[in-house]
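**Student:** Okay, handing you the structure first.
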Amino acid sequence: MTALLDVRDLVTVFPGDGKDLRAVDEVSFQVARGEVLGLVGESGSGKSVTGFSIMGLVDQPGRVASGTILFDGEDLAKADLETRRSLRGRRIAMVFQDPMMTLNPVLRIGTQMTETLHAHETLSRQAARARARDALGLVGIPSPEERLDAYPHEFSGGMRQRVAIAIALLHRPDLIIADEPTTALDVTIQAQIISEFQRLTEEQGTAVIWITHDLAIVSGLADRIAVMYGGRIVETGTISEVLEHPRHPYTRGLIRSVPSENTRGTRLAQIPGVTPSLGRMPAGCAFRSRCERADGTCAERPGRFGGARAYHRCFHPHEEALA
Amino acid sequence: MMTTLIRRAIQAGFVVFAMTLIVFVGVNVIGNPVDILINPDLNQAERLRVVQNLGLDQPLWRQYLSFLHGLSQGNFGDSFVYSKPALDVIVERLPATLELALCAMVIAIVVGLPLGLYAGLYPERLSSRLIMTGSILGFSLPTFWVGLMFILLFAVQLGWLPSNGRGETAEFLGARWSFLTGDGLAHLVLPALNLALFKTSLILRLTRAGVQEVVMQDFVKFARAKGLREGRIVLVHILKNLMIPVVTIIGLEFGSLIAFSVVTESIFGWPGMGKLIIDSINLLDRPVIVAYLMMMVVLFVSLNFIIDICYTLLDPRVRLDGKG
Ligand SMILES: Nc1ncnc2c1ncn2[C@@H]1O[C@H](COP(=O)(O)OP(=O)(O)OP(=O)(O)O)[C@@H](O)[C@H]1O
Ligand code: SF4
Ligand SMILES: [Mg+2]
């Protein structure tokens, strides 16, 4: 089975302090058709930048410095601007973290939906409007016909995120990158939106990269998981593999810090220390400054141990399953 | 909506009324017109007659009341100098100033807005840096100096354009306009450019700052993520958000163009209101000064009103009846 998305050794840099800082550092992963990949990591680990790199939307003056982004066999990193534009929104869509900021405040919801259709298809205004209305209905927005004429400020945060999801689903894309789409919402709305998102993408056979710092969300949602630290994927594999048998010390720390039934009442084990900023990442293994297993070997950069779909980057991996 | 409009109108009326008092008292403070207007050779009896004719023998409050009374009938009193209604004197000069201000504003928008947009979208390009440097010049060079340079270069040295007066005019809507004749248009070019220079720089810099703020917003990135073409992103998503501050500035600056075009009008011998008001102040022609100032008050109040209405059209979050 060839992967829908095959990212290899992706490096995305931002200029700073006279040299390029790697926000994404030799990241490799694959997503098969219809598969859900959870991309997990602390704040600043490079999850969003990875997503934007795939979209071709890295903020200036940042850029994808090297690596390949094979989407359905075509290398996006080398594709021209028009090719990338025509893929965006049509075959690869994205939902952003903050629903309060993603919709244009001065344009009607209907306009923001139909313009997405007109950007990729030739169709009449009526047809576009009908499709927009149906999409709104699909994500559970009541009286969608009237809501098309409303402005974003007339919607709650949860409703806005539904609109953004409806926009992402308009063209039945092959891949949706969902960048923490529920973190800005309150918990009950979160659960609703996650389950609806899950249902819709499953129905449409859409592959999803679900970006989050919340392991609990991913464990219920994803087929596979990739854990990021300091711009690198330090461990990836199927959900059960990684969660039951984490090899990388960082993955282990992350799992231990999630509250669960059997940790109730006990102190959660937090990973000591804080993530260094990009400019201060240690050479060799980026996790070295916080790792209890670190030794001299770790001053070297750990390579990928394992295959393309399941690997870790640690010289002293845990062999035993998680207690 | 309707009730808000009425409430606004009443507020505006109150502002205008308060201004009548301030303007009237203010004008009385700056000097006694009798000293300037009356031929010093006249004897005491003759002086008294003139003063009585002008109503200047009355106490100030009485003068104010009769001024208000006249005002309620649309009458600002007669000009001391021209011996005809002050309002007529001003309205005669209005078209000249109006067309000059309008031309300058159009130039400023047509040049400043696209250049600001460009410089904001591509700040790192050399052309953008040149534009910004140019705008600093336009911002900091004094208008009178630039006007003189224009005259020296285009009128004296090159002889391309006339530099004095309005040239030929043609009648339209009961007033005479320069822009309707070739000769008048040629006369309009230099003063309009002179006035436009500062406003262009202002709009340009404001637009650029606005663009740089808007392009950072998530919704622009999201528009790109939807696969929209660059043209639509700039012309619809960015420009529409930008128009809110730009329209405010355009409205207020248009008012200031009309009210303060004195310098340019003087340099280019443009017979507009700016020149009139300077002459009137020199001669202490109170009715004209008062009428002019009142017109400006009404102008700014109306412009603010129009800007408010524009807001509600441009920004769906603003409602006239809301707290906004
Ligand atoms: N526009 C930018 N300019 C400079 N540096 C940036 C920019 N965007 C991201 N970075 C840097 O890249 C690194 C990764 O950021 P990224 O936004 O991908 O983190 P994240 O994993 O998505 O975190 P979060 O959970 O907070 O969203 C950070 O160190 C950040 O400072
Ligand atoms: S390579 Fe070394 S420092 Fe890095 S995680 Fe493994 S043991 Fe820790
Ligand atoms: Mg992020």
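Just so it is clear, glycine is given a Cβ too, placed from its N, Cα and C backbone atoms.
According to TrEMBL, the protein carries these features:
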type     : residues  : note
DOMAIN   : B:94-307  : domain 'ABC transmembrane type-1'
TRANSMEM : B:12-31   : transmembrane segment
TRANSMEM : B:96-118  : transmembrane segment
TRANSMEM : B:130-157 : transmembrane segment
TRANSMEM : B:177-198 : transmembrane segment
TRANSMEM : B:242-263 : transmembrane segment
TRANSMEM : B:289-314 : transmembrane segment
**Student:** Could you check whether the transmembrane segment (B:289-314) and the transmembrane segment (B:12-31) come into contact, where contact means at least 3 Cβ pairs under 8 Å with the two residues of each pair 6 or more apart in sequence?
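**Tutor:** Result for the transmembrane segment (B:289-314) with the transmembrane segment (B:12-31) is yes.
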**Student:** Give the one range among B:12-31, B:96-118, B:177-198, B:242-263 whose Cβ atoms make the most pairs under 8 Å with those of the transmembrane segment (B:130-157).
**Tutor:** B:177-198
**Student:** Against which stretches of its own chain does the transmembrane segment (B:12-31) lie, if we need a Cβ under 8 Å and a gap of at least six residues from its ends?
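**Tutor:** Beyond its ends, the transmembrane segment (B:12-31) has Cβ neighbours at 60, 63-64, 67-68, 71, 281, 284, 286, 289-290, 293-294, 297-298, 301-302, 305.
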**Student:** Who are the chain neighbours of the transmembrane segment (B:177-198) in space, where the CB to CB distance is under 8 Å and they lie at least 6 residues beyond its ends?
**Tutor:** 95-96, 99-101, 103-105, 107-108, 111, 138-139, 141, 143, 146-147, 150-151, 154-155, 161-171, 257, 261, 264-265, 267-268, 270
**Student:** Please indicate, using numbers and ranges, the residues of the same chain that are 6 or more beyond the transmembrane segment (B:96-118) and have a C-beta under 8 Å from a C-beta there.
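**Tutor:** Residues 127-128, 131, 135, 166, 177-179, 188, 191-193, 195-196, 199-208, 210-211, 234, 238-239, 242, 246, 250, 253-254, 257-258, 261, 264-265, 270-274.
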